[in-house]
Amino acid sequence: MKVTPEFIDYREQQLPADTGAVLVPGGFSYGDYLRSGAIARFSPIMEDVKHFADTGKPVIGICNGFQVLTEAGLLPGALRHNMSLDFICKPQPLSVVNNQTLFTDQFEKDQTVMFPIAHGEGNYYCDDETLTELKQNNQIVFIYQDNPNGSTADIAGIVNKQGNVLGMMPHPERASESILGGADGKLLFESLVASVEMAVG
Ligand SMILES: NC(=O)CC[C@H](N)C(=O)O
């Protein structure tokens, strides 16, 4: 099976019927006014993204996409301003703490990967109760090796309880071929594509 990416406009009401996975990308939505992702989560397409996620199909939010998914209630917690209040843009070493997800099963457990970060509001926050749940359910997927932004428990990426929605601040797509400085990120997309292929059969 050949996987073909397709851009879906945020004003659409419905995802195409044969959608295998949804990727909510990074960038700036509505100029990050109020909070990053706080307005974009009302985009018409988000209703169907929620239904899609409810059926157990894979959804990944990267950077602004992660912010949108937390604002939409698809993932717990919130992203706050970096502790330094600076926009931080640099390569960042991470550890893959959970390689048992459909997004990370081609990584080694505790593998070090280098993904760039580029954000002003990457400081992941959740309350103690949520953090306990995240740990108990093995929902923490990536952690920062040297926490750049003040994130609770060094969290760089989490999945929802069901394991089909991933949100992460670092950018695997900016580390997906050696000409970009590294190809660690490619494994994430290969894991995802293999999972989608398996689901489709
Ligand atoms: N690269 C991104 O997606 C940036 C996300 C958001 N605009 C921030 O600065 O936090």
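The backbone N, Cα and C atoms fix where each Cβ goes, and this holds for glycine too.
According to TrEMBL:
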ACT_SITE  CYS63  active site, nucleophile
ACT_SITE  HIS171  active site
ACT_SITE  GLU173  active site
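Screening the active-site residues CYS63, HIS171, GLU173 for a C-beta under 6 A from any atom of ligand 1 leaves CYS63. Cβ neighbour count for CYS63 (active site, nucleophile) (all protein chains, 10 Å cutoff from its Cβ): 28.
The local packing around GLU173 (active site), expressed as other Cβ atoms within 10 Å of its Cβ over all shown chains, amounts to 18. Around HIS171 (active site), taking its Cβ as the centre, 20 other Cβ atoms fall within 10 Å, counting all chains. Annotated pair GLU173 (active site) and CYS63 (active site, nucleophile), C-alpha to C-alpha distance, rounded: 11 Å.
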